[in-house]
Amino acid sequence: MSGGLITLRSTRRPKTPPSVLRPAKSRLLTVLIGLMVVYSVVPLIWLVINATKSQQSLLSSFGLWFADDFSLVDNVVETLTYDDGIFLRWLSNTMLYVIAGAGGATILAVLGGYALAKFDFVGKPAVFAVVIGAVAVPGTALAVPTFLMFSEMGLTNTPWAVIIPTLISPFGLYLMWIFCADSIPRDLMEAARIDGANELRLFLQVCLPLLKPGIVTVALFNMVATWNNYFLPLIMLRNENLYPLTLGLTAWNRQASTIGGEAIFHLVITGALLTIIPLIVVFLLLQRYWQSGLSLGSTKE
Amino acid sequence: MKQLTGRTCTGTAAFAISALALSACGGSEETTETDAALEEGGTITVWAWEPTLEQVAEAFEAENEGVTVDLVNVGTGDEHYTNLQNAMRAGSGLPDVAQVEYFAIPQYILGESLMDLSEFGADEYAEDTFTDGPWGSVTFGGEGIYGIPMDSGPIALFYNEDVFDEHGVEVPETWEEYEEAARQFREADDDVYITSDQGDAGQVTTMVWQAGGTPFSTEGTDVTVNLTEDEGTAQWAEYWQPFIDDELIMPVAGWTDEWYQALGDGSIASLTIGAWMPANLESAVPDGEGSWRVAPLPQWEAGDSQTAEQGGSSLAIPEGAENAELAYEFMEFAGVGDGVQERLDAGAFPATLEDLQSDDFINREYEYFGGQQINQVLSESAQNVAEGWEYLPFQGYAHSVFNDTVGQAYEGQATLEEGLSDWEDDLEAYGRDQGFDIAE
């Protein structure tokens, strides 16, 4: 270490001050992040390892290492064919709920968010209050009243009972609203209007491309929420053939504790693994939009 | 996993065994109303998770042309009851038949949400058709019949003979010997326990029941919760405390994969559990084949033979069901008719006296149990269920808060006595909130 020309206080040369590009290292933070990684990755590893075991070796081998037999393929085949292949049925149900529900919710959020951000109309503060209020109410609290309402309409135990409530995403709407407000310059809209674009064209061709990161973000939020949704289908659906994967896997798991029921833990585990794969794929595919989406919203003026 | 922990009924056991009286119910006195419904045909919806009902439904359809049974699994245990409660509240989308565990019946009776089956002629089963335990729980206080029993779960001692032999431990006949055996296992092998327990409301109520306790009672809307002064409860708590203090029991919750694992590798040497257990052992613990045996439940006094019930369900008709007559025919078929045999073949344990005492049943040898005729023990147990037991009209809630109160004792954070006292306080407060008159 050479002399302290720069600073009068210290004889040692100071380190370069931390900047955005070269953040300061913090041992504590590293340890904490490390713990978080372990916390989130270990269950995943456990899941992958145990999906390779048969029901028998599942119960007789160490949880975090492989058993002697490797039954992943058998397990997958059995999962897909057990009980007349009901797993595939659940998978397609989940996809339906995600595409129709989360997809619809995203479209509504984009339309609504755009309107709220870029147009002035009577009652806007009231809408704002309602949306903020709705974000604060947990879905679980609304589930039973929603059930009673749907029951009146004769819609319980139909796919609509899951899709329609899913369409409403106050949080998504709020996010799109903020995103629209920040990422579409009014000047740009004015310019397009002066150039003669009508409102529809303005929205579709000028604004929508700018909103892409936000749309992906909201779509991902809605997808994950719908993919994992448990409580709403639980109270709305009674027909096993309408179950999403979450309900179906729980039903399988419960079999083990039913009088005379068959324990199929290996299928539950393999099924759980299969269930998260589509989500992982979607995340990987949309990752770059998602990342730019998060930063985009934050750097605009 | 909780549905197994719900335990049966207001048992008034100790019946005189009179299989002969059964013939009385055949033939002429059938109520015509429901017969007509059968001929007319139609569709009934059955909400149940019990796997053997599939065969029953098929057989029922085969026997009655024009009848369709729509068997739907709306969830197991709590989920099932949530759905049922919701449908009852909404007044629409009700099933014609619902599976209701014995412990859950009182709450529906008090809520007046189950049909009284007397109007369909269920009185004919009042005597000597079912064992007193299950029948007591579907009649709850004797005013009306609210379900047809499907199965029963008299408890017995299931034990792994190989593990007992290996460590030279005698199969206990009294609870005193049981504790001794528990200590022998702990001394002999660090990995072996006589049983596992991590706090299970169903297990506790069953043990208290066998000890002759009656901590819960209901009359009209007057409910008594007496966990602190009830003698049977105190007896059990005092007995079980050393098992926790001295770590004589494996700290593993029932029905988990760890539990099944321990049952298979011999680290849990025995279970005091309901008579429906063989089917579960056979399917989930294949490693135990040939090792397990069944013995009578240990007694408080040598020479006694008092037992209790654990689990079991009935079929009931929700008030407002559309097709009640046909529903009743189906329940009759499943509970006392040809459906019983279908269910027995699939491994269920009957609630009907006739079947419990049939030679076929009693003498059946079980390969899994080394050829033992286990039904001799189990059937005997069914006939020695202690009298006077009642469940709370909010037993489901009671089970759900068990772990927050008594469960603490298993973590070493309180004694069982303190835990029971907390449980009592919680239940009394809840009962008051629900509008019951709680006796002090």
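Numbering starts at 1 and runs along the chain as displayed.
Including glycine, each Cβ sits where the backbone N, Cα and C put it.
If you check TrEMBL, you get these features:
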type: DOMAIN; residues: A:91-286; note: domain 'ABC transmembrane type-1'
type: TRANSMEM; residues: A:28-49; note: transmembrane segment
type: TRANSMEM; residues: A:95-117; note: transmembrane segment
type: TRANSMEM; residues: A:126-148; note: transmembrane segment
type: TRANSMEM; residues: A:160-181; note: transmembrane segment
type: TRANSMEM; residues: A:202-227; note: transmembrane segment
type: TRANSMEM; residues: A:263-286; note: transmembrane segment
(message) Under 8 angstroms, Cβ to Cβ: which one of A:95-117, A:126-148, A:160-181, A:202-227, A:263-286 has the largest number of such pairs with the transmembrane segment (A:28-49)?
(response) A:263-286
(message) Within this structure, do the transmembrane segment (A:95-117) and the transmembrane segment (A:160-181) have 3 or more Cβ pairs under 8 angstroms, counting pairs 6 or more apart in sequence?
(response) yes
(message) For the transmembrane segment (A:202-227), I need the partner stretch with the highest count of C-beta pairs below 8 angstroms, choosing only from A:95-117, A:126-148, A:263-286.
(response) A:95-117
(message) Are there residues at least six beyond either end of the transmembrane segment (A:263-286) with Cβ under 8 Å to its Cβ atoms? List them, or say none.
(response) 47-48, 50-51, 53-55, 58-59, 71-72, 75-76, 78-79, 82, 87, 91, 94, 216, 219-220, 223-224, 227, 245-246, 248-249, 252-253, 255-256
